[in-house]
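Trainee: Have a look at the structure that comes next, please.
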Amino acid sequence: MSSEPPPPPQPPTHQTSIGLLDTPRARDRSPSPLRGNVVPSPLPTRRTRTFSATVRASQGPVYKGVCKCFCRSKGHGFITPADGGPDIFLHISDVEGEYVPVEGDEVTYKMCSIPPKNEKLQAVEVVITHLAPGTKHETWSGHVISS
């Protein structure tokens, strides 16, 4: 029997001796809302708009315009007002009726300001009044018709 204490453990001198290079491990990640190309809209949609903003918009005048563009996969587009002025933003949640808007569709809409500065406008309660002639229109359920 020896009266000497055992030597203290020494740190490894090479990474393979502690198993860093031997077994690759997948990094555990917390769920992210940005995974799967789902990006939250920075603009108020029908679901996130406040009650007071909805009431103000519904009491406003009805405007006429033409759909300048609309991307179903992105969920938004723009309307060119019939009386001129800058294009108006259109979110997918504010389109009424069964058809996806396409370029050239005549629409009616009301307007709501976009927070936080309330300097820009967004079209709400959008209704397609005349389908653009000679174009294919898709319903929200995926059926395609020609107009």
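One-based numbering along the chain as shown.
Yeah, the Cβs are placed from backbone N, Cα and C, and that goes for glycine too.
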Trainee: Which residue from Ser52, Ser73, Ser113 is recorded in Swiss-Prot as phosphoserine?
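Mentor: Candidates were Ser52, Ser73, Ser113; Swiss-Prot attaches phosphoserine to Ser52.
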Trainee: Which residues in the same chain, at least 6 apart in sequence, have a Cβ under 8 Å from the Cβ of Ser147 (phosphoserine)?
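Mentor: Once residues fewer than 6 apart are set aside, Ser147 (phosphoserine) is near Leu131, Ala132, Pro133, Gly134, Thr135, Lys136, His137.
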Trainee: Under a three-state reduction of DSSP output, how is Ser147 (phosphoserine) classified: helix, strand, or coil?
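Mentor: Assignment for Ser147 (phosphoserine) reads coil.
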Trainee: Please work out the mean pLDDT for the residues of the domain 'CSD' (62-129).
Mentor: 91
Trainee: Which residues in the same chain, at least 6 apart in sequence, have a Cβ under 8 Å from the Cβ of Ser146 (phosphoserine)?
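Mentor: The list for Ser146 (phosphoserine) reads Thr135, Lys136, His137, given in order along the sequence.
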